[in-house]
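Engineer: Annotation comment: TrEMBL describes A:86-292 as domain 'ABC transmembrane type-1'. What TrEMBL lists as transmembrane segment is A:40-64, A:85-112, A:118-136, A:143-161, A:167-190, A:228-249, A:269-293.
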Amino acid sequence: MKVAINALHTAQGAAAGSGVPGATTRRPPLRQRWRGSRNLLPALLFLGLFFFAPLIGLLLRGVLEPVPGMGNYAQLFANSAYARVLFNTFSVAGLVTLISVLLGFPLAWAITLVPKGWGRWLLNIVLLSMWTSLLARTYSWLVLLQASGVINKALMAIGVIDAPLEMVHNLTGVVIGMSYIMIPFIVLPLQATMQAIDPMVLQAGSICGASPWTNFVRVFLPLCRSGLFSGALMVFVMSLGYYVTPALLGGAQNMMLPEFIVQQVQSFLNWGLASAAAALLVAITLVLFYFYLKLQPESPVGNAR
Amino acid sequence: MLLTPNAMGRPLRLGLYLTTGAIAAFLLLPILFIVLLSFGSSQWLVFPPPGWTLKWYGQFFSNPEWMDAALASLKVAVLTTFTAVALGLPSAFALVRGRFPGRDLLYGLFTLPMIVPLVIIAVAVYALFLKLGYTGTLLAFVVSHVIVALPFTIISIINSLKLFDQSIEDAAVICGASRLQAIVKVTFPAIRPGMIAGGLFAFLVSWDEVVLSVMMASPELQTLPVKMWTTLRQDLTPVIAVASTLLIGLSLLIMIIAAALRRRNATNA
């Protein structure tokens, strides 16, 4: 049946005198080259009007307000308080990436390893945590980590600590909350990579005399690399731009870049400085995202046919 | 041997399973905690709760502010869902079926709102609506949510469209249907799982959106996450646990629907 339809398709294409590769070497006329692109117009118009135009407008304010020039950027890097914000942003994002990789790796490994039913349950837990309301999870951590919270009480009850640890309204809280949120974004790509590894390759390694450790470091880790890198890069990029969790779990002293931008806009109405910071964040994000795309093996819209 | 549990050394296997159990518990902990807390009787969120009560649910459902916020959330999410699917559908067709140059680049442009930090989109759109005088309107909410929901609908429609064999649609055309008829009667039903999944994603994105909504909100119009956000900054009342539990319940429901769809799609293919 399918073969017949394919044949029909080809026959129709040939009859129309187009579409069949090699039938003609001439470049198709311009109108035909852009055939079907008209359908993009509604979405392009929408994004152009409400996303690209405001975004470009915002980025321009960084060099135009209050006076044209690079003043805002100079201020951003020269002022030690602002430099501190940049430092916080990068160190928190780096730490969050590290912790979520360390926690996500064993989980992805176990999901690949255990019998299928168990694996599906573990995967469902990861998905549930990912799709549960961000505010709900952050609120939960706020309650869990507070001075009179369950975690401090439990630690004091078993005698690990004498006085409650300060785990919220500072960067510790931000790192805990964000690592929790980012784990699924490591597990999902990493697990897909691990699933694709042929267990026989590892078997071969051990038959050839590799110790489990050598096998892990020299065979298994290199095979996981693409999933690990793309997951980690994605988490780092997302962490740089996160607002909700740092704003609720963090303190007023140690801000991150996104909070800084909102504060400049809402409290100080300093659009110039906010825009310069925003441009910086966008530039870093796009550069890192470019590397992320380089790691992806195939074109997202390429046809399977 | 590192991917075959039986060939793995016993201590290694045990270690991995224990670690996994601990991490899975860590992932579940805040979710279960908040659900339990919403039934706890302690105003100060003492855990384990001294008793169990539905008092906070009563407070949530009898407070017009929370109810208005929930209703506004629902309105915004439904409008966002339909707009995002309506805009995403033709774009997905163009990107998968079109043979024009630069499709990868265009795809990149469409997914950009997923990449650019939300805070920056929020500030940029806020500036636009501030100039137009539209902050705090339903339009501002829906437009800003559609921006971030659109990539999700486009991606899931593209994925199901790529799996659909276009020759079936062509067969309908050969049998006498017009191209539009063939698309509506043959292709749409075939890619419906992708359209529904894209719609569900859009709904969830909008329903849970905090950053954009906080920027767009006005005292007259606020969504549930905005109401939670402003309440959270004053105190940690258990009523927020109730709102959280309801949000978790909704995510769970949507996840189950999506899983059921995927299963049906898999058996059809």
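Cβ atoms here come from the backbone N, Cα and C positions, even for glycine.
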Engineer: Would you kindly list the residues that approach the transmembrane segment (A:167-190) from elsewhere in its chain, counting only those six or more residues past its ends and only Cβ-Cβ distances under 8 Å?
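Structural biologist: Same-chain contacts beyond the flanks: 88, 92, 95-97, 99-101, 103-105, 107-108, 111, 126-127, 129-130, 134, 137-138, 141-142, 145-146, 149, 151-152, 224, 227-228, 230-232, 234-235, 238-239, 242, 245-246, 248-254, 256.
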Engineer: Which of A:40-64, A:85-112, A:143-161, A:228-249, A:269-293 shares the most C-beta pairs under 8 angstroms with the transmembrane segment (A:118-136)?
Structural biologist: A:85-112
Engineer: Please work out which recorded stretch in A:40-64, A:143-161, A:228-249 has the most C-beta pairs separated by under 8 angstroms from the transmembrane segment (A:85-112)?
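Structural biologist: Highest pair count goes to A:228-249.
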Engineer: Where among A:143-161, A:228-249, A:269-293 do we find the most Cβ pairs under 8 Å to the transmembrane segment (A:40-64)?
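Structural biologist: That would be A:269-293.
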Engineer: When you scan the chain for residues with a C-beta under 8 Å from the transmembrane segment (A:143-161), skipping those not six or more beyond its ends, what do you find?
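Structural biologist: 167-168, 173, 176, 249.
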Engineer: Report, as numbers and ranges, which residues of the same chain sit near the transmembrane segment (A:269-293): CB under 8 Å and 6 or more residues beyond its ends.
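Structural biologist: Residues packing against the transmembrane segment (A:269-293) from afar: 55, 58-66, 71-73, 75-76, 82, 86, 230, 233-234, 236-237, 240-241, 257-258, 260-262.
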